[in-house]
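Presented below is the structure to which this report refers.
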């Protein structure tokens, strides 16, 4: 559970530390706004994707399923600034599938907390393998990191791409190629 009072106190201290007047008209409600925003953007802390991936439907097909271009927003755990982009999830069912919105909810669970893109990619894949008992999973995450855009090297538009493979995707290069082709369609 997020402690909004601590966040408000901390935000006031930060504003004072950078030389701002916390009682100024434009800032007086900022600590409260930040606390409410953090409650939303860090709502994945302590959550598990199991509740979203546990309701499945029987299928008589083991054909590839791809949900692509799932938009995500997260916060870099190193600088607490946003990174955002698209997630592409491909999996090979093992007789059961999940509702497509549940894949997006899985992304939300793992992106709504201080995060690393590499870990986000792995957590999504691992949860789908575990809770769907999939024959294989491939996850591709494309992200733009504000820690590279607005500070440091200042390279707007630079994208980080991470991938991970589980099950049949580790063994079959043509499956990977099919997914990359489908993502680019």
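Each residue, glycine too, has its Cβ placed from N, Cα and C.
From a predicted model like this one, the values you see are computed outputs, not experimental measurements.
Residues or ranges marked as Zn(2+) binding site in Swiss-Prot (evidence: sequence analysis): 76, 79, 147. The Cβ neighbour count for residue 76 (Zn(2+) binding site), using a 10 Å radius and every protein chain shown, is 18.
Look at residue 76 (Zn(2+) binding site): DSSP puts it in a strand.
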